[in-house]
Amino acid sequence: MEKKQVKVGLMGLGTVGTGVVRIVDAHQEDLFNQTGLSIEIHKILVQDKEKARSIVIDQEKITTNADDLIEDPDIDVIVEVIGGIHPTKDYLLKALAKGKNVVTANKDLMALHGAELLHKAQEKKCDVFYEASVAGGIPILRALVEGFSSDRITKMMGIVNGTTNYIMTKMSKEGAEYREVLAEAQALGYAESDPTADVEGFDAARKMAILSTLGFRVPMNLEDVQVRGISKVNKEDIAYGKKLGYEVKLLGIARRDNDEIEVSVQPTMVHKSHPLASVNGVFNAVYVHGEAVGETMFYGPGAGEMPTATAVVSDLISVVKNMKLGVNGRGTVAPYKEKKLKTDDKKFSKYFIRLIVADKRGVLAQITNLLAEKDVSLDQVIQQPYQDSGQSEIVMVTHTSSKYNVASVLKTLEGMDVISEIKSYYQVEGTDKEAGAVHNE
Ligand SMILES: NC(=O)c1ccc[n+]([C@@H]2O[C@H](COP(=O)([O-])OP(=O)(O)OC[C@H]3O[C@@H](n4cnc5c(N)ncnc54)[C@H](OP(=O)(O)O)[C@@H]3O)[C@@H](O)[C@H]2O)c1
């Protein structure tokens, strides 16, 4: 007999899980019209059965035993919105082994163990969809897999962590220091009490591993992503950046040249003419450059109950459509290209460097001679007295140079008598001619 209803096992009833229940309840008619099947949340796994919930739920559906979902032969799809690696990985592997399709919002799990889950899914002819794991409400994964399937993506840059973008925006708009803004973000609930995963760039790195795997069709691991967080960004860097035409953003950067790839997360000077420079507050955005299409950008809420739940339910709809057609697990294209990571001599960018130097005649000349020796040339320079210290501050932006050469410049500068301190250095983006993304300077 043909199926009339799809039964869902929902793991987690927190922020996102609650949104999923709301959308499935409110959109029954649309869901039926789109899929030809009605969708029922059949059982819900939580940690604490007695917890007060903001929605009315039939208590009979709630359980604290994952096997009530995994072993239930009536359940066709598991929607996992618990988060973390344990016990979710085991739950999902078991569910796949039982032939259940999976929808998850879990970037930690997908960045670290996505390949294993996807393999299991292929073996069992099941779907694993995870749109909500990157940039919450923005349908970027679907865009990469389907929208860009005929193109060749050369570059992706993402503001994929709302907490750090909130902090960088506040620092820029108010001239405030990092510590003050972080404390305020924590008080407002925009940052966790332990903010390490966000501010040190680890959360963004997970999302960039997922984006680059799908965008470049290469199996990228988390260890392949070079990470630097925002905890050392100070208000002077931001002020100098502005003077020279840049905003500092925590940017995920994934780039492919001649089949060689680099992926990083780092605080970056983004030229103000680039659309990413005006992505403010907790919003997310992903810029994608395709060889054929040129520049595109996807912008929207990166988190929150309803935006994230929308992405989850859209994945659920895809699973149900596939069920109707009997093609679950057939649409997944495993990364099929060999992974070739660039060495530092093949990574090119402009750089912002800020130095405190002795206020002596000829210092700037010494620095420019060193740069010339290392094949690094200057695009912009500011030199001015440094506070009342009798020293000078030099802020410079290089022309496009290799990371290897710039690292070598920084190392030599460190050992020079006339240099008191290398205050900071940042990669500069948004004026990048090789990627075809030329913005007005
Ligand atoms: N929140 C967002 O805006 C957002 C955005 C994008 C992606 N995500 C991802 O979505 C997932 C869920 O996030 P969330 O914010 O909804 O989390 P949350 O509010 O903390 O909810 C987690 C839910 O999982 C349940 N749970 C936790 N540990 C469990 C366990 N061991 N066994 C059974 N149930 C357990 C909790 O049960 P109790 O209710 O009984 O405590 C709760 O219902 C995470 O992977 C997160 O990264 C969230």
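Glycine residues also receive a Cβ, built from the backbone N, Cα and C atoms like all the rest.
Curation plays no part in TrEMBL annotations; they are all automatic predictions.
The annotation active site, proton donor is assigned in TrEMBL to K207. Among the features that TrEMBL reports, NADP(+) binding site is placed at M11, G12, L13, G14, T15, V16, G17, T18. Per TrEMBL, the feature NADPH binding site maps to K107. Under the heading L-homoserine binding site, TrEMBL lists E192. Feature annotation from TrEMBL assigns domain 'ACT' to 352-433.
Sequence features, as recorded in TrEMBL, placed on the structure.
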residue: M11; record: NADP(+) binding site; DSSP class: strand
residue: V16; record: NADP(+) binding site; DSSP class: helix
residue: K107; record: NADPH binding site; DSSP class: helix
residue: E192; record: L-homoserine binding site; DSSP class: coil
residue: K207; record: active site, proton donor; DSSP class: helix
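When the recorded positions G12, T18, E192, K207 are checked against ligand 1, G12 have a Cβ within less than 6 Å of one of its atoms.
T15 (NADP(+) binding site) sits 15 Å from E192 (L-homoserine binding site), taking the CA atoms of both as reference points. Broken down with DSSP, the domain 'ACT' (352-433) shows 23 helix, 37 strand, 22 coil. The Cβ of E192 (L-homoserine binding site) lies under 8 Å from the Cβ of T163, Q186, D198, each of which sits 6+ residues away along the same chain. For the pair G14 (NADP(+) binding site) and the residue listed as 'NADPH binding site', the C-alpha distance works out to 16 angstrom. Counting only residues at least six positions away in the same chain, the Cβ atoms of G17, I44, L45, A66, L69, I78, V79, E80, V81, I82, T88, Y91 sit under 8 Å from the Cβ of M11 (NADP(+) binding site). Fewest Cβ neighbours within 10 Å among the binding-site residues G12, G14, G17: that distinction goes to G14. Around V16 (NADP(+) binding site), the C-beta neighbours below 8 angstroms that are at least 6 residues distant in the chain are V81, A105, A132, E305, T308, A309, V312.
K207 (active site, proton donor) sits 6 Å from K107 (NADPH binding site), counting Cα to Cα.
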